[in-house]
Each structure stands twice: as structure tokens, then as C-alpha cells.
Amino acid sequence: MTAQLIDGNALARQVRADVADRVQALKARGIEPHLAIILVGEDPASEVYVKHKVNDSSQTGLKATLERYPTTMTEADLLARVHALNDDASVHGILVQLPLPAHMDAHKVIEAISPAKDVDGFHVQSAGALMTGLPGFWSCTPYGCIKLLESTGIDLRGKNAVVIGRSNNVGKPMALMLLQKNATVTMCHSATKDLKAHTLQADVIVAAVGRRNVLTADMVKPGAVVVDVGMNRVPEGEPNAGKLCGDVDFDGVKEVASWITPVPGGVGPMTRAMLLVNTLQAAEAASA
Ligand code: GUN
């Protein structure tokens, strides 16, 4: 079997078009949805991510303001800036790009963001709301994965879903979102004894480890749906060195799965799209 591609770029375009319509509706009521992005330091990957977020925002008519600060910024100054943005009624969403410089406590900074403006969905209140099924912002990457899965037409109810990876921002919220969609969820991680025994039972697999070839064809049940959150590079000395790749051995797994996300062009664009959705949701809630 050759899997069908779940096209994250195409789905993200649809999401952005919907966001653009809703932005216009808000603007017609005199409200300009506004995302404030804080970037501290000069991490090259962060620079790229932030540039994409600003471009995506302006494409949909959503206002994004980028605030750049030097690595020497103190944590106290950053916290003061976050508090000022919390108090600024013209700002609906606040995103502090991670990683922060080593002298800052990222948890402390994220917890300083008002939960009503936590469009990353990283605040403990957002995480708690997801866990209890209360309204709140969903972390953008797993939220995007849910949309990608739903775009295949698969009904997640009663499906066996395996999440590989247990990070706070992807693996754990992914498992909770799948649970909320009534899947039977198994979380696998570095201490899992026999990963393959679990993945072979899975109708849905989400790989979010950050390591190449975590999932190979022999580990996948024929017809499973595979979502690849990984973003890695092929190391020097191997064919296609330097090329972007996910956690999944795409060429092998696509022969077994029914649907699969590519890297790039799968989860990445949807993560960014869901940030816009969350920002819009924040603006709509603030103006309700
Ligand atoms: N760094 C890498 N990805 C992200 C993200 O989604 N949000 C934030 N705030 N920082 C990141």
C-alpha cells in the first residue's frame, strides 16, 4: 500500500483563509486582533520561526508586533514587559519565543503570561483546562495534529492511538487531545520496554521525539495513520545529508500506512496556523 499524503500546507492555507474572514469580521466591529511576539537573543532557529509567525499573521490581516531584546535582558525586565502586555487591552495574544537565554527561567516567564492571552497554550492553566475538558487554549502543535488527523476523515472514537514522546508542549497535550476525541491512548517514551509491540497495535501513531527513524515500517500496522512531529536534519556522511527529516522513516512507512504527514509540509505549517486560530479566539473572547 502507498499511503496518501496529509498535506499540511494545503490544510494550513484553508485555516488561514478562515482566520482571514474572521479577522475581517472583527475589524468590522472595530477590533484589530493583535499578537505580541517577544524574541530574546539571536537564536537562528527562533529567528526563522518568528519571521514565519509574523508573515502568517500579516497574510491573514492579523496584527503581529515583534519585540526584540538582547540576550543581556534581565529576567525581571522580561517579566515586567509581559505584565505590561497583559495589561494592554489592545493586545490579545502574547508569545514568548523559546528557548530563552540560560539565565532566565522559562517556566516563570510563561506563568507570567495572562492565561487569557496564552495563545501558545503553554501556561499551566491552559494545560489544566485541557486535562479537565474546560475551555482554554490548546498547544498549537498537537492541536494542528488533531486537525491533520480529522482532515483524513478518520473517526478517532475508539481508535488505538499511540503517542511517542512525552514533552509538556507536544506529547502530553497530544495524548489528552486524542483522549478528548475518545481514542484509546497509549503514551510511549524513552523508558518504554517494547515500543514496537505498542505501535503495531495502533490505528493512529503520533511521533514526537525529535530523533530520526524512531518509527520504521516494521513497527506500523497496515492502514495506520501516521503523524510526524519531528524536525531533524540528516547527519553528514549519509545520503541527503543536511536535508530536513522527521522522526518517521517516511519512505518505508508510507508503504504500510494509509495516511502520513510529510516533513516538511505536514505538522509545521499547521502549528503556525493554530497559533493564528488561538489568537483570533483570544480576540473574539476579549470582545464578546
Ligand atoms: N520555540 C519553538 N517552538 C515554539 C513555539 O511553538 N512557541 C514558543 N513560544 N517557542 C517555540
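Every residue number used here counts from 1 along the chain in the order it is shown.
Note: Cβ is positioned from N, Cα and C throughout, glycine not excepted.
Per TrEMBL, these features apply:
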| type | residues | note |
| --- | --- | --- |
| DOMAIN | 6-120 | domain 'Tetrahydrofolate dehydrogenase/cyclohydrolase catalytic' |
| DOMAIN | 139-285 | domain 'Tetrahydrofolate dehydrogenase/cyclohydrolase NAD(P)-binding' |
| BINDING | Gly165, Arg166, Ser167 | NADP(+) binding site |
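This view paints the features noted in TrEMBL onto the structure.
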residue: Gly165; record: NADP(+) binding site; CB count, 10 Å: 23
residue: Arg166; record: NADP(+) binding site; CB count, 10 Å: 18
residue: Ser167; record: NADP(+) binding site; CB count, 10 Å: 17
Other same-chain residues whose Cβ falls within 8 Å of the Cβ centroid of Gly165, Arg166, Ser167, the recorded NADP(+) site, in sequence order:
Val163, Ile164, Asn168, Val170, Gly171, Lys172, Met187, His189, Ala208, Val209
Which residue counts does DSSP give the domain 'Tetrahydrofolate dehydrogenase/cyclohydrolase catalytic' (6-120) for helix, strand and coil?
60 helix, 18 strand, 37 coil
Please spell out the DSSP helix, strand and coil residue counts for the domain 'Tetrahydrofolate dehydrogenase/cyclohydrolase NAD(P)-binding' (139-285).
53 helix, 26 strand, 68 coil
